[in-house]
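Visitor: Pasting the relevant annotations from Swiss-Prot:
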{"type": "BINDING", "residues": "Gly11, Val12, Ser13, Gly14, Ser15, Gly16, Lys17, Ser18", "note": "ATP binding site"}
Amino acid sequence: MAAPGALLVMGVSGSGKSTVGALLASELGWKFYDADDYHPEENRRKMGKGIPLNDQDRIPWLCNLHDILLRDVASGQRVVLACSALKKTYRDILTQGKDGVALKCEESGKEAKQAEMQLLVVHLSGSFEVISGRLLKREGHFMPPELLQSQFETLEPPAAPENFIQISVDKNVSEIIATIMETLKMK
């Protein structure tokens, strides 16, 4: 596989996606997006009330993120995206657009899209106990710790043929960044 045009830092809430993604983008000199910043207000309210999002909530949000990634990568900008992307279908939407879902992504059907976006998925994984402990310490986030169990239930960890690496959140942030950088050197 060619070097990725984009990196997806994924995992459940509290896995460190935003922290790792922002530091990684800074280290690489790539553009950084935090998918949480693109949730519609309705999604934020729903999660704030402790109601898990369903596919109908997530698909328009993922399509929007796909369109942003596609525009940047097509213009030569390399990107790091921090996004839960819990299901393979969600990761497919990020790389391929609306294929396989009932909703059309704005950019997906345009002729400028020559091929599937080259994406390296970085799955930050950890136990429920470790991650729930992190969430309990976090302040000011719209995602309440009570929704973590539903995220673990929804999670479909990446598997072949996806282009991915899995890194334990038991490592410190600098070890995680070093592992990702080493992986990129091999691509």
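Quick reminder: no glycine exception, Cβ is built from N, Cα and C everywhere.
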Visitor: Got a sec? Which of these binding-site residues, Gly11, Gly14, Gly16, has the most Cβ atoms within 10 Å?
Guide: Gly11
Visitor: From the centroid of the CB atoms of Gly11, Val12, Ser13, Gly14, Ser15, Gly16, Lys17, Ser18, the recorded ATP site, which same-chain residues not already listed sit within 8 A by their CB, in sequence order?
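Guide: After dropping the recorded site residues, what remains is Ala82, Ser84, Leu124, Ile131, Val169.
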Visitor: Taking the Cβ of Lys17 (ATP binding site) as the centre, count every other Cβ atom within 10 Å, in any protein chain shown.
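Guide: There are 25 of them.
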